Amino acid sequence: MAVCARLCGVGQSRRCRRRQRHNQQDQGSDSDMDEEEGERIVGKRGGSLNRTSTGPPHPQTLAELPPELLVEIFSLLPGTALPNVALICKKFRQILSTETIWRRRCIEEFGMKEDLRKMEVGGVSSRELYVKLLHPYRHILGLWQPDIGPYGGLLNVVVDGLFIIGWMYLPPHDPRVEDPMRRRPLFRIHMWETKKASVECMYGHKGPHKGDIQTVKKDEFSTKCNQTDHHRMPGGRQEEFRTWLEEEWGRTLEEIFHEHMQELILMKFIYTSQYDNCLTYRRIYLPPTLPSDLLQPGLFKGTYGSHGLEIVMLSFHGTSARATKLTGDPNVPAGQLTLDVDLSRPVVLPDLEHQRKIEELSRLVLGVHEEVQREVEQRAKDSSATVNGAAEGACGGASGAEGMDIDHGACSDSCEPGPSSSSSSSSPPEAQPFVLPLGVMARNEVYPRTCRKCFYGTGLIAGHGFTSPERTPGLFVLFDEDRFGFIWLELKSFSLYSRLTDHLAHAHAPNMERFEAMLRNMQSWTS
């Protein structure tokens with residue numbers, strides 16, 4: 001009975017009293033102790049109960065808590081749960097009109113640093129901001145790749161002050177790969193003028209104008225400009241091209257002497273200008289970080305010859321490091337795997353005198369490449385022999401089993417680690433001198449003169465229009481945590497890559513499986 005009284009908190013219920021009488025009949029004198037203990041705890045009105053309840057009564061339900069405590073509790077809940085809380089009772093609905101709750105949700109869920117009270121003074125409450133702007137457009141926050149044919153791109157949608165802004169990230173001007181990224185606003189969403197969210201296109205040179213955003217499907221949305229006349233310039237296409245060229249390349253066409261480069265630039269302007277009124281975007285993720293990674297994965301700017309600087313995503317997959325293009329060109333479009341590095345095949349560089357000789361570097365890298373090719377061919381033969389042997393064995397022949405034993409022996413010999421395999425005795429030092437071989441072209445001649453490690457890898461090259469693509473051998477050079485390079489042996493050229501250091505919120509993949517599925521989709525978009 002004492003336990004019953006404690007659980008009920010305010011004394012015995014009818015059920016408790018019925019249970020007490022029943023126990024008294026069954027247990028006889030033993031119930032006297034329970035009754036005395038119950039009387040001592042519960043007591044009569046004006047007895048011990050009155051002495052213990054001189055203070056405020058203990059709340060029995062959430063609704064009986066003081067309003068200031070409910071405000072604190074509701075402030076800790078995610079904003080998506082608050083509409084359901086408001087349906088419980090009138091008191092909860094009234095408390096959820098408190099601005100403190102919604103102000104905290106705006107700050108914690110969307111990282112708003114702007115003083116929200118300024119907006120509240122202007123007539124827009126934090127609750128309206130959350131309900132009509134932040135929550136409805138939360139699904140477009142993060143990184144996106146625009147569907148602009150082979151050129152691709154990188155869009156970052158963020159909460160910026162009291163706006164949601166879509167920033168197009170542009171690489172620095174060629175060949176200054178270590179300069180910071182450039183940003184250009186493409187659209188913004190706000191609630192300044194009306195009580196509902198307004199979408200504005202920021203493209204062009206006449207200021208913000210009416211636009212629209214539509215969600216096509218999950219992880220995909222599109223933007224549309226409703227006033228494309230704002231994109232036009234008084235001087236016509238010629239003036240638009242000059243302005244675009246100065247923004248894109250930081251120079252005039254007359255300053256670009258290479259005729260092939262002029263053709264590539266003009267082609268890009270004509271192609272991309274077709275998408276100034278409507279664009280579709282697909283979500284992309286930053287790769288997850290694992291303790292075994294050679295360096296932190298992420299986004300890098302790289303030099304690509306006449307095509308200028310491009311953005312790649314470096315990710316790690318077991319013993320493989322891969323660089324996928326986020327921006328591309330007519331030869332190798334965005335979304336393709338530009339570099340594939342085998343981290344199980346380090347390359348030990350010779351001394352500086354021999355590094356300067358392209359023949360020496362070719363001998364080292366091509367030696368590993370031939371070894372890889374032999375292993376691939378051997379695995380293909382072993383697979384074929386296994387299938388044939390299994391078929392013959394199924395027919396009851398003894399010769400099939402003998403053939404399989406011979407093939408296994410050959411496989412064991414070929415699978416022995418070669419001279420380029422990783423071992424403690426052949427591991428290069430933490431920092432070693434590095435110099436490009438004579439005859440290897442580099443857009444950026446200011447590159448690091450020491451490196452940490454080098455690995456065999458392949459780079460993707462193709463003709464115009466992504467014709468005849470093939471993977472060719474090369475050397476991956478790790479300089480430090482924020483820079484790496486790749487020597488394309490067949491092209492006799494060097495690409496230098498530098499990390500993109502901008503903070504990118506709402507961009508990391510939830511898991512590795514989701515990230516790898518995104519990579520496969522990216523390649524299918526432009527294949």
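Quick reminder: no glycine exception, Cβ is built from N, Cα and C everywhere.
The range from 207-231, 407-431 that TrEMBL describes as region 'Disordered' is residues 407-431. Within the domain 'F-box' (59-105), the DSSP-based counts of helix, strand and coil residues read 33 helix, 0 strand, 14 coil. Confidence annotation: the domain 'F-box' (59-105) carries a mean pLDDT of 80 in the model.
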